[in-house]
Every structure is written in C-alpha cells, then in structure tokens.
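Just below is one structure, and these are the notes that go with it.
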Amino acid sequence: MMEEPEKVRIGMTRSREFGGAIGSFFMVLGLPAGVLGLNILCSQNKCGVQMPKISTNWQTYLDKEAALIYVGWFLFQAFLYMLPIGKVVNGQPLKSGHRLQYRCNGFFALIVSLMAFTGAVYMKYPIQVVHTKFIQLITSGIIFSFVLSLLLYIKARRGPNASLAPGGNTGNFLYDFFIGHELNPRIGSFDLKFFCELRPGLIGWLMINLVFLTEAYQKNNGVLPPGLTMVVVFQALYVADALWFEDAILTTMDIIHDGFGFMLVFGDLVWVPFLYCLQTKFLAENDVHLFWYCLAAIGVLNFIGYFMFRGSNSQKNEFRKNPYNPTLSHLETIPTTTGNRLLVSGWWGLCRKPNYLGDIIMSIAWSLPCGFSTPIVWFYPIYFTILLIHRQRRDEEVCAKKYKASWDRYCERVPYRIFPKIY
C-alpha cells in the first residue's frame, strides 16, 4: 500500500558535501565573485589573467535597466512555462511513492524566444544593451539568486517535513541554504526547480550568444565571423537538444536527489548564462582567424561529441522507459535486487558515463576556435570536466549503496568511468 506523503518523514542529514557549512560559506561568496571576476578579466580591451582595474563606482555593477531586463526575462519565461502547451509527464517516484507531474514545453519556449529576439532585431530594439551592461546584468542575477534562495529556504522551513531534500536537512542554515532545503519546491503546479533548470538560464545563454553574433554581423557590414558563428551554432544545437528532450532531466541527480537551494539557483540563473558564453563573448570582442580546414576539423570534433552524447542519452532514456523494447534486445544487462537492470553494452559498455565523455568533447570544440592566447576561454572545458568527474563520483556513491553487489559486478564489467583506457 502506498504511503501518504504526510506520513513519510525525512531524517536529519548526516553526511555533508562541499566541505560542510564552511565550504558552503566560501562557495556562496566565491561563486558570484568568480563569475564577475572572469568577465572583468575578459573584456573588450583585454582578456588575460593579469590583474584588471577594479571600478569603485557602484554604477559599474548596479543599473535599473539591467535589473528590469533580467527580471523581465525571468517572468517572460515563467509565463511561457505556465501556458497549457506541451505534454505532461510523470516524474520519478518520491519516497512516498507519489509521482509529481511536469509540463514539458521547453522547446516551445525556445521557439517563442527566438521569434521574440528576431522581432526585436527587426524593430531595431537596441539589443546591444545586453553587451554594454553585461556586468550589471550579472549583478542583477546574483542579487536575484540570493533573494530567491532565501525565499526558498523560508518556504521549506514553513512546509511539511516530507517535502525536504534528504541531502539538505542538517539543521545548519548556511549548509541547507546552499545545498537546498526542499526537494521539489512548488507554487501550485509551478515547479520552481524544473523551470529554472532549463529555461531562464539555458535559453538566456543562447540569447546572449545571438546578441554577440548580431553585433558582429552589423560591425562587419553583413559578414558573419566564421569562428563565432560556428560556436553559436554548436551551442544552439546543445540548447535545442536539451529542450527537445526536456523530460530526460527528470531522471537526473539534480531533480531526484538535490534540493533546490543557492547551489542550483545560482548555477541555473547566473553561472550558466554568464559563464558558458565566455567563448562567444571573446570571439565577438577579438578577431581570431582560422583556416577553413581548422574550422572543418573542429566541426567534425563537435559532431563526434554530439553523436556520442545524444546516442548514449537516447539509449539510456529508451531503456528506462521500456527495458523490453525489441530494438534494445541486443543490449546486455545486469539484474539488481531493486528490479532495475544495469546496461553493460552498447554505449554504456564503453564506459560508465559515455554521455559525459561526449559533453567534454563538445566543450573542447567550443573553445578551439578561440585559440590559445588566453586560458580564460578554456575555463569552460576545464571546469566542466572537473564538474562531471565530481558528479560521476557522487552518482557512483548513490548507486553503490542502492545496488550493492550488483554494482560491484557492474564495475568489473565496465571498469572505465568516463575516459576509456584512462579513467
């Protein structure tokens, strides 16, 4: 018999990640400083690791128009999310056995956003304000993230115990504020975590890229810079893919395990849109010339990464939906005591996280057009590799506890974590 949600209690969290409360304190301060610092280091005048001149004028960081643009964009995406368009899917079972429902219309929101951007360019709206007030937009996002995270923590404190995140219920304000106190905070049917994961930040990242590309097109008298155009197309494909397969995120650690606190709020709303565009920002502000065969090789590399990323994710998602699908009958699996089966062939026999390997290959392809004149443009692939290794280890700890002996057999069968023959 299924337990009622209110009868399920979330116990106190015993283990802590990211250095506990002290680590959370430094992350809460360091992450915003990192986003601002990297964008200040890589500006129109120069892009390098030398100490820049830090402005003491508050207007360099705070601006009313920038704040209105940021909040307006968030509300615009929230409006699109609430429209009764797109399929409604069930999430993974909660501890109570209950499944939350999610409306997946992210690709629709992307198309509408692209149409709105096209309309703004056609109507000669000064979209360059996004570039000229980039630092102020970042600051607006940081303030917005702090406020939203605080409201989420207050909501969790006033809500039922059953809604709390198993990993964010330590009783320490700073740690729970950072890691996320509530698992799936909702206002009615509006799921805040699901909305923020793929909407304002991810689509916003693409819009920022398009601003840079449009500016370069206008500056070059109607000629698109090849390197910049290539990276914008690569990243547009990545964003479109995430939103087309939006329901796949419901099986990720972010949705299933992590609470929605400052870590994910800031990551979704500031880190993604304002750091993932470092390559396009650099290419828009600096002339980088590459031979056609270099661009062709980079294009092939990105295709390989995307082919691996999409192929492995599709294989995994189809297997999770229906393990008995005839098209998957050739795949070998290991049974577990939970009733689930672990894939050990196909893409998932190559390594334990072939989708991560594809992600890393694509990230390298995005930085190669920038060249090697500054390490800042290589921040994304370096950071992303570290992130995915850390995430793989977190996931492995959960799986080892969940599947026990079956997981040991799986590790013997698939010994490499992300990089075959290496790691």
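Note that Cβ sites are derived from N, Cα and C of the backbone, with glycine treated the same way.
TrEMBL annotations: computationally assigned, not manually curated.
According to TrEMBL, the features are:
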TRANSMEM  21-41  transmembrane segment
TRANSMEM  66-83  transmembrane segment
TRANSMEM  104-122  transmembrane segment
TRANSMEM  134-154  transmembrane segment
TRANSMEM  222-240  transmembrane segment
TRANSMEM  260-278  transmembrane segment
TRANSMEM  290-309  transmembrane segment
TRANSMEM  360-384  transmembrane segment
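Non-local neighbours of the transmembrane segment (21-41) in the same chain are 47-50, 52, 54, 61, 134-135, 138-139, 142, 145, 172, 174-175, 177-179, 262-263, 266, 270-271, 274-275, 278, 281, 376, 379; each lies 6+ residues outside the stretch with a CB under 8 Å from one of its CB atoms.
134-154 is the stretch from 134-154, 222-240, 290-309 with the greatest number of Cβ pairs below 8 Å to the transmembrane segment (66-83). Listed as Cβ neighbours of the transmembrane segment (260-278) (distance under 8 Å, sequence separation of 6 or more from its ends, same chain) are residues 18, 27-28, 31-32, 35, 38-39, 42, 74, 134, 137-138, 141-142, 144-146, 148-149, 152-153, 165, 168, 176-185, 192-193, 196-197, 200-202, 204-205, 208-209, 212, 235, 254, 376-377, 379-380, 383.
Tertiary proximity for the transmembrane segment (360-384) is limited to same-chain residues at least six positions away from its ends with a CB under 8 Å from its CB atoms, namely 38, 41-42, 47-49, 227-228, 230-231, 234-235, 238, 275-276, 278-279, 282-283, 288, 290, 294-295, 298-299, 301-302, 304-306, 308-309, 418.
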